[in-house]
Amino acid sequence: MGEIDADTFADRRYRTIEEILKASLRVRGRGELTISDMLDRVFLNRVLGIPIFLILMWATFQFAFAVSEPFMVMLERAFGWLGGLFGEAETPLVSFWSDGICGGLGFVMVFIFPIMFLFLALAILEDSGYLPRAAFVMDRLMYRCGLHGRSFIPLLMGFGCNLPAIMATRTIGDERDRLITILVNPLISCSARLPVYVLIAGAFFGAHAGTAIFLMYVLGIVLAIMMALLFRRVIPGLKGRPSPFLMELPPYRRPTGRSILLHMWSRAVVFLRKAGTILLGGAIILWFMSSFPWGADLGSSYAGMLGHLIEPIVRPLGFDWMGAVALFFGFLAKEIVVETFGILYGVGGEDEIMAAVAGHMTPVTGLAFMVFTLIYLPCLATLGTVRAETGSWKWTGFMVLYQLLLAYTVAGIVVITGNLVMGV
C-alpha cells in the first residue's frame with residue numbers, strides 16, 4: 001500500500017473517531033444552538049463569508065489610519081523641533097542632523113503608529129478566533145485558484161512581514177503548493193509598504209485615504225491569486241491540483257488586553273530595530289548622495305546623477321528622477337522610499353512632504369506609484385529568504401523578473417486608464 005499524505009490520514013482518523021462516537025454515544029435530544037454556532041452560521045456562510053471578511057479588513061485599515069493620525073502629528077512636531085535645534089542647514093554637520101536624521105529617518109519613525117494600530121486590530125481578529133474561520137471561508141476560493149488551504153496563513157502573515165511568512169510555508173507538505181505560495185507571497189502588502197501608502201494616499205485622496213490603502217491590500221491579494229492560478233496552469237513543474245486541506249476551528253474567545261498589547265509591542269520592536277540599523281544606514285547614504293558635491297544643486301548631486309540614469313525606465317509611468325531614486329533604494333527596505341522623499345524634497349513635516357509629493361505627481365501617477373511599490377520587488381532580506389527556502393537561484397531570479405514585469409504592466413495600465421478617465 002502506497003504512502004498517504006498527512007491531510008488524508010487526518011481526514012480518515014477523524015472519520016473513524018466520528019464512527020466510534022456514533023456507535024457508542026446516545027444523544028437524548030438536540031441542544032439549543034450556542035453563540036459559537038450562531039456566529040459560525042454567519043461567518044462561515046458561503047454567501048456572506050467573503051464579503052464579511054472584506055468589510056472587516058476595510059474597517060481594520062480605516063481604524064489604523066484614523067486612530068494613528070493624532071499620534072503621528074505629535075511625533076512629527078517633536079522631530080521638527082529637534083531638526084531646528086541648530087538653525088538652518090548651512091554646514092554639512094547641521095544638514096546631516098536636520099535633513100538626514102530628523103528629516104529622513106525622523107519622518108519614517110512617524111509611521112510606527114499606523115503599523116501598531118493595524119496589528120492591534122489584526123490581533124483582536126486573531127485572538128477572537130475569527131482569522132482561522134477566514135482561512136476556512138477562503139479555502140474554497142483558494143483551491144479553485146491553485147492555492148492550498150494552508151497557504152492562507154502564510155499569506156495572512158505577509159501583511160506583517162513577507163520574510164517570516166515565506167518561512168511559514170514549511171507547514172505546507174506538498175512541494176508544488178509550497179513553491180507557489182512562496183512565489184506569490186511578496187505580492188501581499190507587508191507593513192513596510194504601509195508608510196508609502198499613507199504618504200501617497202494622504203497627499204491625494206484625503207478623507208478616502210483609508211479606502212485607497214485598503215484597495216492596495218485587496219489588489220495584492222487578487223494578484224497573488226491570479227499569479228498562482230497562472231503558475232499552476234502554465235509552468236510544467238507546478239501543474240496539478242492543490243492537495244486537500246483539513247483544519248480544526250478554535251473556539252471563539254474574548255481577546256485579552258495583555259495579548260493585544262504584546263502583538264503591538266512586538267511589531268513596534270521590529271520596526272525600531274529596523275530604524276536603528278537599515279533605515280539609519282539608508283538615511284546616512286541618502287543624505288550623503290543628495291548633499292554632495294557640497295554646494296551643488298540637488299539635480300547635480302550624486303543622488304541626482306543616479307536618478308537621471310534610472311529615470312528613462314520609469315518616465316513612461318510618470319515618475320521623475322526622485323521617484324526613481326526612491327524605488328531604487330526601496331529594494332533595501334520599503335520604508336526607505338518615504339525616507340528618500342523626505343531627504344530629497346528637503347522637508348521634514350508630514351504635511352510638507354505630502355504637499356511636495358502632490359507637487360511632483362498627479363493623482364494618477366501617485367496611484368501608479370503605490371501600485372508599483374506594492375508589486376515591484378520584495379526587500380533584500382526577503383529575497384535572501386526565498387533563495388534559502390527554495391534552494392534555487394532559478395526560482396529566485398524568476399520571482400524578481402516576473403514581479404518587475406508585472407509591476408510595470410499593472411502600473412502602466414493604471415496610468416493609461418487614469419489619464420483616459422481624467423481626460424488627460
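Backbone N, Cα and C define each Cβ position, glycine as well.
Copied over from TrEMBL:
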DOMAIN    111-204  domain 'Nucleoside transporter/FeoB GTPase Gate'
DOMAIN    213-267  domain 'Ferrous iron transport protein B C-terminal'
DOMAIN    273-393  domain 'Nucleoside transporter/FeoB GTPase Gate'
TRANSMEM  47-66  transmembrane segment
TRANSMEM  104-125  transmembrane segment
TRANSMEM  147-167  transmembrane segment
TRANSMEM  211-231  transmembrane segment
TRANSMEM  268-289  transmembrane segment
TRANSMEM  321-347  transmembrane segment
TRANSMEM  367-388  transmembrane segment
TRANSMEM  400-422  transmembrane segment
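Tallying C-beta pairs under 8 angstroms between the transmembrane segment (367-388) and each of 47-66, 268-289, 321-347, 400-422 places 400-422 first. Note on the transmembrane segment (400-422): residues 183, 186-187, 223, 227, 316-318, 362-365, 367-369, 371-372, 374-378, 383 of its chain, located 6 or more positions outside it, place their CB under 8 angstroms from a CB of the stretch. Mean model confidence for the domain 'Nucleoside transporter/FeoB GTPase Gate' (111-204) is a pLDDT of 85.
Sorting each residue of the domain 'Nucleoside transporter/FeoB GTPase Gate' (111-204) by its DSSP state yields 77 helix, 0 strand, 17 coil. Sequence-distant contacts of the transmembrane segment (321-347) (same chain, at least 6 residues past either end, Cβ-Cβ under 8 Å): 99-100, 103-108, 111, 190, 192-193, 195-196, 199, 274-275, 278-279, 282-283, 285-287, 290, 298-299, 303-304, 306-308, 310-311, 313-314, 353, 355-357, 360-361, 369, 372-373, 376-377, 379-380.
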